[in-house]
Amino acid sequence: MPQNEYIEQHIKQHGRRLDYEERKRKKAAREGHRIAKDAQELKGWRGKQFAKKRYSEKVAMKKKIKTHQESKVKGPATPKEDDGEALPTYLLDRQTNNSAKAISSSIKQKRLEKADKFAVPLPRVKGISEEEMFKVIKTGKQKSKAWKRMITKHTFVGEGFTRRPVKMERIIRPSALRQKKANVTHPELAVTVFLPILGVKKNPQSPMYTQLGVLTKGTIIEVNVSELGLVTAGGKVVWGKYAQITNEPDRDGCVNAVLLV
């Protein structure tokens, strides 16, 4: 026997522990809890290495699942030379494509169409630092507390918005910088309409800015397009549509946007 295989030699001679299978099963059951704990607690270099390892494992698993699913889907049967014999009824559908393949391709096509439909005019925008976005407000008798922030960019707040009590309001959205309407341009009709804003869908800078309703360049907003008289295929009037802000509202003093059609 080769060197350094004394463990295997001992197992062959004396066998394993009586509770080996039970311990092995319990260890495998604990593995998921250990991975979850490591994912939450590991920091720094070890955390990065762990995340990298888990990512590669998930990619390999997805590839394995995909190949397994593709192996299940059968394509059309290879046509034989026509020898003049009539096929029985139960063999007539062999020449048709498999339904699973057709469904898969149709789903992919719909995803591509959806991506094209919502292609935005500004795919990339310049990042904004927190120092530029927030201004520190000093509070307290000696002006020593600095836990309040004031947003220096234009924002949108809903109709039923009420400020929190002053002592508890951490982030201030000034009334002078609040916007309710936007100059929306329809790219196909080539018209610009002053439409009310319904909400902020996504701010590319940060999810927190989306929640606060900050209006910066590249932000996706929802506007009320009922004035344009757009109608769906079913005959219903379109109420809200998305538009992307194309200017810097804090510099121009207004919101200019392009409708996503």
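Cβ from N, Cα, C; glycine included.
Of the given residue ranges 15-22, 79-86, 135-142, 199-206, Swiss-Prot assigns the label motif 'Nuclear localization signal 1' to 15-22. Looking at 43-50, 51-58, the stretch flagged in Swiss-Prot as motif 'Nuclear localization signal 2' turns out to be 51-58.
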